[in-house]
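Q: Below are the features I grabbed from TrEMBL:
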TRANSMEM  6-26  transmembrane segment
DOMAIN    63-284  domain 'Peptidase S8/S53'
ACT_SITE  D72  active site, charge relay system
ACT_SITE  H100  active site, charge relay system
ACT_SITE  S238  active site, charge relay system
Amino acid sequence: MRSVKIKFIGLGIIIIILIGLCYSFMYSKELKVDKQVTKEEKKLSNENWYFSYLGFDKNHYTGKHVKVGVIDTNIDTTLQKKVEKYVSLTPITKEEAHLHGSKMLEVLYNVAPSADVYHYGISPSDEDVRPDFLVKAFKAALNENVSIINISLNFKKEIPALTPLLEKAHKQGVTVITSTGNEGLNTVNFPAGSSYTIAVNSVEKDGVIADYSNYGINVDFSLPGSATIDGKEEYGTSVSAILLTGMVARIMEKSDKNLNSDEIMRILQKMSGNKQKTLIVGYGTPKIN
């Protein structure tokens, strides 16, 4: 009888040891998985630091059902199939596949992947943009009843035919988001200089204005000006403007109602935490929650 008890005790000890080894193996495996996830998250953060910097990583909205008009250069065929509607006012060649417009859409879809994007290609190159095509595209975007219009292109002089359309968009509640320009000067190019648009310039990771970024009294907000696209770093106030466009799409989805441009402006001001504008960064950087 004594020997039977000893056998049972011995068997019990063996079972406990085996269970312990099992848990130890599972726990170590779990730790390895956690380390891998952390490494991937760190890699993503390093590639596109703006994601956590602006709070996108803690906000689950994706811009669903928000109509966004983007007026830029032509885009490649892959993105043409992805957008809700694509209108090109100029032809595109194979050599021009990796265009400014394509890069900006990549950033937008990274931030607001569910947005309904209406893209208007008004030039085969960001260096050769016809003002009359911009006017035509802006009218088309308004006719589609979009809630946001992004223009990451700018001009040295005002386009007289566009100014009344910007005013019309504002009265209709459409939020027009524009980039200030990349000359590093105390000037804000058109249409960012218009009182009917939200003008965006660029900051670095430390919150200081980027060397290339234009600044001035008409700047409203400053956002990160760099993004990794297809493994390459892209810089410019265009990146900042398209990031704010994606942010506003998320805000509109969250609100579940049609916010007009003045309401969006107040929300962004509150998110930036500043009541007063500065010449360099406007109200600063809004961070979504």
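Using N, Cα and C of the backbone, Cβ positions are placed for all residues, glycine too.
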Q: So for H100 (active site, charge relay system), how many other CB atoms are inside 10 Å of its CB?
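A: There are 22 such Cβ atoms around H100 (active site, charge relay system).
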Q: Within 10 Å of the Cβ of D72 (active site, charge relay system), how many other Cβ atoms can you find? Include all protein chains, please.
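A: Neighbour count, Cβ to Cβ under the 10 Å cut-off: 26.
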Q: Return only the integer: C-alpha distance in Å from H100 (active site, charge relay system) to S238 (active site, charge relay system).
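A: Each residue's Cα considered, H100 (active site, charge relay system) and S238 (active site, charge relay system) end up 9 Å apart.
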Q: Would you mind listing, in sequence order, the residues at least six apart from S238 (active site, charge relay system) in the same chain with a Cβ closer than 8 Å to its Cβ?
A: H100, M104, S152, L153, S179, N182
Q: Mean pLDDT for the domain 'Peptidase S8/S53' (63-284), as a whole number?
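A: Mean pLDDT, the domain 'Peptidase S8/S53' (63-284): 94.
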